[in-house]
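Noted in TrEMBL for the protein shown:
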COMPBIAS  48-65  compositional bias 'Basic and acidic residues'
COMPBIAS  248-257  compositional bias 'Polar residues'
REGION    48-93  region 'Disordered'
REGION    248-282  region 'Disordered'
REPEAT    83-116  repeat 'TPR'
REPEAT    387-420  repeat 'TPR'
REPEAT    462-495  repeat 'TPR'
REPEAT    531-564  repeat 'TPR'
Amino acid sequence: MASEEGQGGLKSVLEGWSKWQIGLAVGAPIALGLAGIWYYRRSKQLENPEKKKTKTDDRKGKTTKFEPVPSPLQEELSPLNKAQSAKDKGNKHFKDGKYDEAINCYNMAIDLCPPENHQDLSTFYQNRAAAYEHLKNFEKVVEDCTQALKYNAKYVKALTRRSKACEQIGDLTTALEDVTAVCILEGFQNQMTLQMADRVLKDLGKKKAQEAFQKRKPTMPSQQFVKSYLASFTQDPILCKLSENADTTHAQSNEPEMQSEQAENEQQEVAVNHNHKEESSYDTALEKIKQQEYSEVISLCTAHLDQGLENPHFTEATLLRGTFLFLKGELDKALEDFNLILDKNDLEKKMKVNALIKRGSLFIQQEKKKEGLDDFMMAEDTDSDNSDVYHHRGHQCLQMDDLDDAIKNFDTSISKNPDFAISHVQKSYAEHRKAAMLQSPSQLNEAIKSYEATVQKFPKCADAHALYAQALCDLGRFDDADEEFQKAMKLEPDNATVFVHRGLLKLQWKQNVDEAVKMINQAIALDDKCEYAYEVLGTLEVQRGDMDKAVEHFNKAINLCRMETEMSHLYSLLNAAQAQLKVAKNLGIQIPMGIPPM
């Protein structure tokens, strides 16, 4: 069974290949990069027909060819010559750091310049904006750059300056659009501009996510996701008892039928007790979990808890409700339940450890790393033999890119529970990530051997085959990778995430975007809550030039987000697509259909 960690691992392992190549490198933990990712790159650097003219003007203050300087006996200077002269004086004051005087001169230049001289007016406004920038009057910078761009929409200096000013005053949407335009006009060759674009994109994504996350309607993730998350705990006190009861029921069903009157009475008593249990909302919730019907678990637990503290299984129902609130993304409510449990003095050891693991994971998800790791340490102090502590702490270390500690924790988890496949898989994945980060061929080979050993030891673990496929893809062994994906799909035919990754393999291997899209649509047919499928489809549509479809897919992914960090990443993709669409229209660029060669 694929675990939550396995799905996260599948998503992250693309760092080495398809994420970078088709545009999924936006957001933590992978560094952003505009060039070659989600922005439209033209085969030739765009040439601005006014570029040389503008550049000359910015250096020398000239955009037109001057007539010879008239003598005192000649006619008075033309209005344009007077404007140019005022601008030249302004440039001298600017170089001397006398920005107020420079602004006065640029004012005069603007007033004197004939309205039909658009290029000159654009320069004058941009120069005045530069002076305002030094005075930190960013509103005026935006105002003047906007005027400059009305006269010359492809004026790189004005776009760059307005982008910086908009960033300063918090207008990140305009800042992104402007810096996107600059990236295109510069042919994605200026590293400083690319870094600025990455910075603005991250900040805007985070801002949008913070606003939207508070207003979102929480939704339960897909059945596969919940099933995988629950399976990632081997020492969960509730699930362990549920499993034990199922085993007991199965064993009793195979016993010879009792014939004595006493036996019949005992059976009747069991039936009465069973009926009584069915009346318990908590027991109904457990039955729903057994049937993998998760939508009513929270409400059933709440109904049970409403009967009071004296009600049997009050603590268990609180932990179960907190777990599903956490899965649903209602973090504040989940935290209340975990705190209520952990405030108890006579808490059973496994119950306490399980609540600490989940609260620690919640804290880390909220970017409260210290509080989260403190909870994991407390869990270890409570029961150092509980393998779940190390497995889930290892997963959190992976999320934070702390690969050495991740490997160490997975090693400890394996030593405590050698037969838990997912710890083996995650350790192999952490080693793979480390090898890729260090660009070490020898360590990559060791990671491959680790995967191979895991697949041999756990041939029925879908995650093992799927992550092994990613590693094989890094080596260019596409046939072998596809074979491993097919094994994973046979083991878990309802796991939509595996379909998405196989689609990405087809894209890299065969350069067949249509086949990739078809397979990802199959994933959505299996699980319409597969957030990752919509994310990938959106990115592919960006590459194909269909921005409207891209925006539609990104919005669907955003609506399914459980975590603010995931939402921030998705907003970055959405904002990038929207900025590209608007800039292409403004600059008169036709975005081509068809994905470019990789």
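Placement of Cβ uses the backbone N, Cα and C atoms for every residue, glycine included.
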Cβ-Cβ under 8 Å with the repeat 'TPR' (387-420): same-chain residues at least 6 beyond its ends: 5, 8-9, 12, 29, 232-236, 353-354, 357, 360-361, 364, 369, 372-373, 376, 379-380, 426-427, 429-431, 433-434, 437
Confidence summary for the repeat 'TPR' (531-564), mean pLDDT rounded: 89
Structural state census, the repeat 'TPR' (83-116) (DSSP three-state): 27 helix, 0 strand, 7 coil
Residue distribution over DSSP helix, strand and coil in the repeat 'TPR' (531-564): 28 helix, 0 strand, 6 coil
Per-state residue totals over the repeat 'TPR' (462-495) - DSSP helix, strand, coil: 27 helix, 0 strand, 7 coil
